[in-house]
Amino acid sequence: MRPENQSTYEFLLMGLSEHPEQQPLLFGLFLGMYLVTVWGNLLIILAIGSDVHLHTPMYLFLANLSFSDIGFISTVIPKMLNNIGSGSKRISYGGCLTQLYFFGLFADLDNFLLAVMALDRYMAISQPLHYAITMNSQRCILLVAGSWVVTTFHALVHTLLVTRLSFCGPNVIPHFFCDLVPLLKLACSSTHVNDLVLILVAGTLLIAPFVCILTSYFYIALAILGIDSPKGKQKAFSNCTSHLSVVSLFYTTAIGVYLCPPSSPSGGKDRVFSVMYTVVTPLLNPFIYSLRNRDIKGALGKILRRNMFNTLSWD
């Protein structure tokens with residue numbers, strides 16, 4: 001197929017299951033998970049925005065993480081639900097590239113924001129006297145803006161490189177969304193440049209934040225062990241448990257997809273792990289941060305009480 005005809009090309013997304021009797025269950029399950037994820041993360045953003053006591057670096061990063069998670073899951077789930085509901089597995093060439101771009105953007109953004117949050121916890125626990133000066137508002141905005149700029153550029157590079165490829169043979173993607181690696185396997189033209197950029201650029205941008213997180217928590221652990229008071233140790237550790245839980249879930253499942261060899265050509269294992277970090281992680285984030293964080297619970301309580309009061313006043 002010549003490059004000028006690529007816009008008419010279509011891909012087929014295999015989805016999570018090929019059994020028709022399982023489709024209604026999958027539709028209801030993922031619709032429910034999607035709605036809970038969006039509303040949960042919106043509540044986190046609303047709570048942080050409405051409470052001036054939460055206008056701090058840690059909650060600025062958390063609000064951006066919640067926004068990123070909404071974008072992350074919205075890139076994948078609506079199209080999957082549409083395909084299940086319509087009984088079609090098709091996705092257009094343009095739709096696939098659009099999904100590829102936004103998936104790469106929000107996945108990378110989650111990665112960078114988790115690293116920034118780990119750095120913030122390191123400064124708060126290991127360098128408490130210098131925390132206010134080091135993590136000032138200008139620097140926090142610079143870290144968030146820098147994360148957005150780098151991830152936007154990174155996702156754009158991979159998407160533009162895919163537009164150079166020709167697709168003329170098999171069009172079945174053994175996944176429930178257009179991921180880069182299975183997409184490259186369908187190309188008729190050489191993917192040498194794409195593979196090189198994936199290894200050099202993507203590898204660096206993914207590994208660097210992960211190393212930053214590991215290094216930050218190594219020094220955090222040393223700082224906590226150096227605290228004499230048991231209550232002080234418990235308080236310092238409790239400040240990190242929510243973030244550490246999210247980091248563990250995100251990276252273990254992402255590593256399972258991209259670094260471990262596939263268990264079968266159908267990519268069943270990849271799809272299971274992908275569900276974990278594209279759907280389950282954004283779903284659990286609001287619960288992890290709201291249930292384990294007094295400030296968030298307090299802000300959400302104020303919002304609920306205010307709404308109840310307004311409702312009673314109107315009555």
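Cβ coordinates come from backbone N, Cα and C, glycine included.
Those TrEMBL annotations? Automatic predictions, nothing curated.
Small disclaimer: the values here were computed from a predicted structure and weren't measured.
Annotated domain 'G-protein coupled receptors family 1 profile' per TrEMBL: 40-289, in sequence order.
Look at TrEMBL and you will find 25-47 (among others) tagged as transmembrane segment.
Residues or ranges marked as transmembrane segment in TrEMBL: 59-80 (among others).
Residues 58, 61-62, 64-65, 68-69, 71-72, 75-76, 143-144, 147-148, 150-152, 154-156, 158-159, 162, 177-180, 183, 205-206, 208-210, 212-213, 216-217, 243, 246-247, 250, 254, 278, 281 of the same chain lie 6 or more positions beyond the ends of the transmembrane segment (100-119) yet place their CB under 8 Å from a CB of it. The transmembrane segment annotation in TrEMBL covers 100-119 (among others).
Summarising the annotation, TrEMBL assigns transmembrane segment to 140-161 (among others).
Nonlocal intrachain contacts for the transmembrane segment (196-225), taken as residues 6+ away from its ends with a CB within less than 8 angstroms of a stretch CB, comprise 108, 111-112, 114-115, 118-119, 121-122, 125-126, 150, 154, 157-158, 161, 180-181, 184, 233, 236-237, 240, 244, 247, 251. According to TrEMBL, the feature transmembrane segment maps to 196-225 (among others).
Per TrEMBL, the feature transmembrane segment maps to 237-259 (among others).
If you look up TrEMBL, you'll see 271-291 (among others) marked as transmembrane segment.
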Practice prompt. Name the range, of those listed as 25-47, 140-161, 271-291, that has the largest tally of Cβ pairs under 8 Å with the transmembrane segment (59-80).
Written response: 25-47
Worksheet item: Where does the mean pLDDT land for the domain 'G-protein coupled receptors family 1 profile' (40-289)?
Response: 85
Worksheet, complete the sentence: Lying 6 or more residues past either end of the transmembrane segment (140-161) yet within Cβ distance under 8 Å of it, the residues of that chain are 57, 60-61, 64, 97, 100-102, 104-106, 108-109, 111-113, 116, 119, 180, 193-194, 197-198, 201-202, 205
Item to complete: Sort out the residues at least 6 away from either end of the transmembrane segment (271-291), same chain, that have Cβ-Cβ distances under 8 Å to it, and list them.
Response: 16, 30, 33-34, 36-37, 40-41, 43-44, 62, 65-66, 69-70, 72-73, 76-77, 103, 107, 110, 174-177, 179, 242, 245-246, 249-250, 253-254, 256-257, 297, 300
